[in-house]
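S.K.: Feature list, courtesy of Swiss-Prot:
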type: BINDING; residues: 18, 173, 174; note: ATP binding site
type: BINDING; residues: 54, 141, 153; note: substrate binding site
């Protein structure tokens with residue numbers, strides 16, 4: 001049974017944390033350490049944590065001397081091939097401070113749609129968690145086609161949350177919560193709670209992602225609904241507030257799960 005309300009966040013036994021490209025690459029690469037600090041704190045109190053991390057393409061771009069996200073698939077795949085190894089190294093370097101070992105898991109949404117692939121992924125994930133390791137999941141951008149162009153790791157995170165029967169899905173971004181309209185616009189109101197089945201009528205959800213990522217508010221709301229439908233509580237907040245979020249502080253937007 002998932003976490004039914006905010007009150008249960010601090011005691012959630014199994015947590016999926018999703019972080020986006022713009023939060024941990026480029027000038028924000030330094031945010032990996034505080035993200036790991038928060039995950040390690042949850043791990044230390046007994047929680048099992050899965051990290052779904054975007055960022056392979058964005059991390060690889062400087063090594064290919066690219067200032068902007070490449071438009072063509074082959075260059076995206078090349079950037080991902082370089083960036084994924086650098087990204088996992090950075091995570092492990094930070095995790096070493098806590099004696100936690102990362103296990104890299106590369107998936108596509110299609111992998112989780114095929115029953116045999118899904119079963120294999122589930123078995124591997126359960127074993128990693130049982131060994132008290134940290135599965136670090138990313139979309140397999142080097143071989144993905146449709147997903148690399150139009151997919152997003154928000155949806156992948158929701159599917160992973162369903163795969164491991166997570167109590168909590170924590171969706172991290174550059175914005176601290178869901179707002180009634182783009183937060184930079186006058187009159188934007190922070191939404192603290194979304195009841196299960198709420199269609200969010202009157203809420204203007206922009207679809208534009210960042211320059212290095214593919215997600216935005218639309219993908220996060222869709223992912224939150226997908227996870228909530230399966231009984232997983234979802235909290236949407238900023239990467240800067242990850243420690244407070246995992247400690248149960250009243251931050252972000254809570255999506256109540258199906259009861």
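Yeah, the Cβs are placed from backbone N, Cα and C, and that goes for glycine too.
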S.K.: Pop the Cα-Cα gap between residue 174 (ATP binding site) and residue 54 (substrate binding site) into the table, whole Å please.
M.R.: 13
S.K.: Tell me the Cα distance separating residue 153 (substrate binding site) from residue 18 (ATP binding site), rounded to the nearest angstrom.
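M.R.: Each residue's Cα considered, residue 18 (ATP binding site) and residue 153 (substrate binding site) end up 8 Å apart.
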S.K.: Which of 141, 174 (the binding-site residues) has the most other Cβ atoms within 10 Å?
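M.R.: The residue with the most neighbouring Cβ atoms within 10 Å is 141.
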S.K.: Please find which two of 54, 141, 153 have the most distant C-alpha atoms, given that the record lists them as binding substrate, and give only that distance in angstrom, rounded to a whole number.
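M.R.: Largest pairwise Cα separation, rounded: 11 Å.
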